[in-house]
Structure formats: structure tokens, C-alpha cells
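Below: the structure, in C-alpha cells.
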Amino acid sequence: MSSAPIRVLVVDDSAVIRGLISKALEQDPDILVAGTAMNGECALSWMKSHPVDVVILDVEMPVMDGLTALKEIQKRFPDIPVIMASGLTSKGAETTVKALSLGAVGCVAKPQTSSAAESIRVLSQELVMMIKGVGSKSTKLRKTIPTSEIHVTNQYKTNKTNTQKKTLFSKNIKFYKQPEVLVIGTSTGGPKALAELLPQIPIDLPIPILIVQHMPPGFTEILAAHIQKDSGRTTVEAKHNEPLESHKTYVAPGGSHLLIGEQNGQKVTLISQDPPEHFCRPSVNPLFRSAAEHFGCATLAVMLTGMGEDGIEGSFDIARSGGTIIAQDEASSVVWGMPAAVVGSGLADKVLPLSEIAAEIRSHCLVRA
């Protein structure tokens, strides 16, 4: 017997956009567009009498804008996840990043093409997976992805291999070295997780922090500004060939991979347009792989909430090099996909709730005898 479809409410002041999003979602039998609304006020009124699992919310609307509507939805319907739909304007991006830091689970950029068919294709590609990741038939915010459903690619497919890796890299047999770099990977739910985690890390933590957050171009520079404001630590959208500095945080630019390289004996950031990995660019994999290559066992990695399994191959490289990996636990994750892949493959040295990860980072970065 098939389960009930995920019920979605589409909120946008443009009838054209509402229609495009609805058509994109209705192509998937597991998703039902249960209703549409032209502004936040209409959406809240509709939600009083109709069950819904996920809300897609426009950022800029008359009567009640997206940010105000998000806060009201969180207040009245705290278990219903909200995905922000944004135009690629600086105002829209700024508001979207703020919404994400407040708890919106994801964002999608409205298509810029004049072709309806292409718009539907792009929206379907971006939205369907996200909705399935955060939606649930019981309208709970978190959707668990069981370890049994996680597909680990290439040579790390079998449970036998993963068990061997877990034994090989258990903490009691690997050489410990003071961390010289902190790398963080995250996706769905990441901006809010980063907003909670990073202010708990000392401003003077004496190592660079590099972050991959799945986001479109135009959003990550604003995310970096929000992180700097929240954490007090100098934070920038990474640029090509920028020397890595202690006490500084680097955010992967939307649409590009972020890697660590070396030039004239100095570690630098590298920006790459190599193909997407796990359908993502930026992807966590290039950052984690390059950290393992250039910092080895002095790498400290954190895998936060996120959909899919991006970063699993890079995590194997960090484990092989003797680095340390902390994974966010299921209960505190919006979507336990990326951390679950790491945990299910036996690569996590610690699995912790988000509220305890900063303390663990601090403990690793203390000088040890």
C-alpha cells in the first residue's frame, strides 16, 4: 500500500511563478500541491484549515512578506518546514540568508529563463529532492534517512569494507596531531546550524575555518557577512589563491568548488569550476579531499545537517590520513543525510548534538601535552 503524498503549499504573489512551481512538483507522484496563496497572510489563513507538510515561500510579497510569514509559520506551525523561493536580487538574497539563519530549511532561486519548459525542469530538479528530504507525512520537521538507504559510492560500497574502515580508523589506534585546519560541510538546515555553532567557537581559534554550504551564486557572500556578524570572526567568501590565515573563516562561493592548495610553501584557497559532485557545486568532497592532502592528520572536519551524501568520499580521505571527523547527530539535524553517510560508513570519531560540537572543537584545539 503506497503512502500518502507530501502535501505542499506554494506561496508567491506571482500567478506565473505559482503555476510553474506547481507544474514542476506535480510531475512527481509522491508530491501533491495541496494549495497556493498569493501572500503570507493568505497562506496563514489557508493553513488554519488545511493539512500541509512543506511550505514554499516567496521572499518578497505585498501584504505580508516572506520573512514575516516565516516567523508566523514558525510560531503557529513549528513542525512544518519552509523552503524560501528567491529572485537573484541583492535584497532577495539578503532576506533569504536571514530566513535560512532563522530556520527556513532551504532555498531555491527562481528561474531566470523565459522558457516555461526549462523553468519547470530547473524547478523540478532543485525542489523535488529538497521537499522529499524535509517533508514527512506526519508533518514532523526532521526526516530521518536510515543508514540502510545510504548508498556509498565506488570502492566503499560494502558493509564489510565500511566495518574495516571503522576498525582501522578507531581513535585508540590513530596518531593524534593538534588541528591546523577546521573544515565544515553542510547543506539543508546548514545556515541555522552555522548560526548556532560558530558563535560558540572562540574568535581567536588559531586555525583557519573553511565552510562548504550548498547555496546558489549571489547568496554565499551574504552568508559570509552574516557569519562574521554572528561569530565576530573575520569571514569572507573565498577567492582564488588567497593565503590561508589563522583566525579567519572562508566560505565556498556559490557555484564553485573550494579547495586548499599550496603556493610557494604557503597554503592557499583554490576556486574551481570542475564538474559538480553529488549534483553539488560547491561540493564538500573537494574541500575535504584537499584538506586531507595538505593537512593530513592535522585536519579536523565537521559534517553538519544536510541532504544526500555529499562529502562521503572526502571523509574517507580524511580518515585515511588520520584526521578527525565529528558528525552531527540525527536528533538535532534537519535532514540526517550527509552526517548519516559518514556515521554509517564508520568514519565519525564523534557523533554529537549540534549544541555539543563547539565544545568538542575547542577541546581538540587546546594545547595537549
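In case you wondered, yes, glycine gets a Cβ from its N, Cα and C as well.
Listed in TrEMBL:
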DOMAIN    7-125  domain 'Response regulatory'
MOD_RES   Asp58  4-aspartylphosphate
DOMAIN    175-363  domain 'CheB-type methylesterase'
ACT_SITE  Ser187  active site
ACT_SITE  His214  active site
ACT_SITE  Asp310  active site
Neighbouring C-beta atoms (10 Å sphere around the C-beta of Ser187 (active site)): 28
Integer Å distance between the CA atoms belonging to His214 (active site) and Ser187 (active site): 5
Cβ-Cβ distance under 8 Å to His214 (active site), same chain, at least six residues away: Thr186, Ser187, Thr188, Gly190, Cys280, Pro282, Gly306, Asp310
Set of same-chain residues at least 6 away whose C-beta sits under 8 angstroms from the residue listed as '4-aspartylphosphate': Val11, Asp12, Asp13, Ser14, Ile17, Gly66, Met84, Ala85, Ser86
Integer mean pLDDT for the domain 'Response regulatory' (7-125): 90
Tally of residues which DSSP labels helix, strand or coil - the domain 'Response regulatory' (7-125): 54 helix, 26 strand, 39 coil
Asp310 (active site): tally of other CB atoms within 10 A of its CB: 27
